[in-house]
Amino acid sequence: MADAAIDTLDIAILGAVLVGSGIYWFKDKLLGSNSSPKTSFAKQPLVPMQKPNAPALKINKIAKKTRDFVEKMRETDKTVIFFYGSQTGTAEDYAARLAKEGTQRYNLKTMTADLEDYDMNLLDTLPADHLAVFVLATYGEGEPTDNAVDFWEHLVAGEDVPEFSVGDYEDADKPLSNLNFVMFGLGNKTYEHYNSVCRRVDEKLQALGATRIGERGEGDDDGSLEEDFLSWKDDMWKATCDFLGIDFLAGNSGPRQATYKIQEHTAEEVQALKKVYYGEHQEPKFMLGSRPTYDSKNPYSAPIAVSRELFEVSADRHCLHMEVDISGSGITYQAGDHIAVWPVNAEQEVNKLATVLRIADKLDTVLTVSNTDPASTKLPFPVPTTYRTILRNYVDITAPPSRAFIGQLTPFAPTDAASKLFALWGQDKEAFRINVADARRSLGTVLEKILGVGQSMEIPFDLLIESIPRLQARYYSISSSAKAHPTSIHLTAVVLDYKPDVAPEETVYGLATNFLHNCHGRINQSGPIEPKYEISGPSGLHLIGETGVKVPIHVRHSNFKLPRNSALPIIMIGPGTGVAPFRGFVQDRAQDVKNGKKVGATVLFFGCRREDEDYLYKDEWPELMKGIEGAQVITAFSRQPGVPKTYVQHRMNEHKELIWDLIHKQGGYFYVCGDAKNMAREVNHKLIEIAMTVGEMSEEKATTYVKELRGRGRYEEDVWS
């Protein structure tokens, strides 16, 4: 082209240099497996290639983002770093709260750090008078969170003595002898491997010579997490102050120190902005010459190809079967993996909170959020954006607010009566439990209850951003097999709504399932659905034609997998929507049969209320299981007219000889999916009972036998509380 700034030969030469450099710097990523969720331990920033037909090559300078947390602490004068491994945002929130409290109460120089943003093999270089605090969630069956996978594999799952940066120590087995650390874990006691991530990291750090300061804290997400955290942190601060030589009793809160600054933009300023975010997560990440990488930080907007009701006769209960199209996205999955759906908050919650906070008239005002600490570079969401977008897309205003946050609102109460209620609910555990936690009240509803109908108050908006967790994805077991459906992912979800016992006059709506129900309504043109969600996406980009819609998704790989040897038998226990992954398992095995592979016995125990009401995929099972030797569905109906209540554990007892034969004699695998608190626990007890009665074992030996099945990966659970 005659008017190009550089000619074709220049572009070719410079392009070759860029490609060659890219291959060198990104060789680990380029040569790695595309299907693996694991990433290189030392990640590099990625930038898109210049398009070949661009008229000129413009190279922008990109600010250096160091992966050396010790260097960053030195440059920004920090002495305490709070690392978090977070799947749903709670661990990240706790780390931020601790860092803020350390700064405000004890004048500590703190920073928070996402584990995947830094090279954790530099732990051996952290000075002995500094402190590392780990806030680590356990995901699923003892697995690390997505952002902690690299750290976990380096420290725990790898060599007995991992390689760190220095490499030359007085005691080669104690490379972390200079490291002092604090540990808090988030888990759920209904799971077999309660808080195993923080426990194993704690154990490994100490084995490598590190010193833990204070007692390890553990929070139980099955009802008492916030209280566990609050009761642990006071003792933790005392131990931390002792270690750092600070007078614990001298600490005081003083005036509130804002974490973020809010700048509203005029119409003229908005015109000059390069971009305003209306719900996007971030700019797509590109590898050289490849498509974007879709993950928890950059979900894929997938068209919903199919959406249908699975419940046959119920007008007030809904169960959705959805198929999302992943053609051309590069997303891969296996039966047993999870699909993450990124919802938005319901419009009634957005409007309610905006009204109570007196910002309803400026919801569409554009604002920029920035850190007050120049050393902090991470923001909770992309900016500039609008108040409406923040409340709808970015912060979880639907979940009950924390007791600590309610207490923080006391100084802003407009009346003495409201001030007393804020203080009571923020300090009294029982008052908080009854009025907030057990009632599952949203922030807007809590404020309405405290202030009174039609009343409002003003609080610093930066305090809300600081105190309310980021809106996170909701995870569902994938109900399809990539062998049968390589370009689509199926999910099965009951639309959740219920009346809590402590507030029977109110209705609690499941955030993501009602969001999906709104998508279903558009696709099937079934009329208005309450509560209403704005499903159009950023600038309407999620709408397709008159009835189509996209949903932001990503895939979370799981260890809940079929045995590699398809000839081994499997037993699946999946009542209700717990049957979802087993539909994928059976599809997988049916495909293996078509491909000529030997497939072992495939037995599904399925439970629901009534055969004519909520027997999920009833018409599919005969065709899917045709050709699989020894395949069968054993049903249990709890509300079938004219017959006693029957649950899956009752059917297990009736078929105990079959179960023992397949598991014990034929080396089969045992899978459970569904409710963790009751069903999964009773199924576990029933299997122990079968080992005692059919296997003629003592209770102690039977318990050990079942535990060993778990340890060998032959007893797997995909359960929720």
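Note: Cβ is positioned from N, Cα and C throughout, glycine not excepted.
Record features, source TrEMBL:
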BINDING   86-91, 137-140, 186-195, Asp221  FMN binding site
BINDING   Arg317, Thr577, Ser638, Arg639, Lys645, Thr646, Tyr647, Val648, Gln649, Glu682  NADP(+) binding site
BINDING   Arg474, Tyr475, Tyr476, Ser477, Thr492, Ala493, Val494, Tyr498, Gly510, Leu511, Ala512, Thr513, Trp720  FAD binding site
DOMAIN    80-237  domain 'Flavodoxin-like'
DOMAIN    297-545  domain 'FAD-binding FR-type'
Cα-nearest neighbour of Gly510 (FAD binding site) within the listed binding-site residues, Ser86, Ala137, Arg317, Gln649: Arg317
Separation of alpha carbons, Trp720 (FAD binding site) and Gly140 (FMN binding site) (Å): 8
Distant-in-sequence Cβ neighbours of Tyr647 (NADP(+) binding site), under 8 Å, six or more positions away: Pro575, Gly607, Ala636, Ser638, Met679, Glu682
Length of the line joining the Cα atoms of Lys645 (NADP(+) binding site) and Val494 (FAD binding site), in Å: 22
Rounded to the nearest Å - Cα separation of Asn188 (FMN binding site) and Val494 (FAD binding site): 22
Residue among the binding-site residues Tyr191, Trp720 whose Cβ has the most other Cβ atoms within 10 Å: Tyr191
Most Cβ neighbours inside 10 Å, all chains, among the binding-site residues Ala137, Val494, Ala512: Ala137
Binding-site residues listed as Tyr194, Tyr476, least Cβ neighbours within 10 Å: Tyr194
For NADP(+), whose listed binding residues are Arg317, Thr577, Ser638, Arg639, Lys645, Thr646, Tyr647, Val648, Gln649, Glu682, the greatest C-alpha pairwise distance in Å: 26
Among Arg317, Arg474, Thr492, which are recorded as binding-site residues, the nearest neighbour of Ala137 (FMN binding site) by Cα: Arg474
Rounded to the nearest Å - Cα separation of Arg474 (FAD binding site) and Tyr194 (FMN binding site): 20
Using Cα positions only, nearest of the binding-site residues to Ser86 (FMN binding site) (Arg317, Ala512, Gln649, Trp720): Trp720
The one of Ser86, Asn188, Thr492, Ser638 whose CB sees the fewest other CB atoms within 10 Å, among these binding-site residues: Ser638
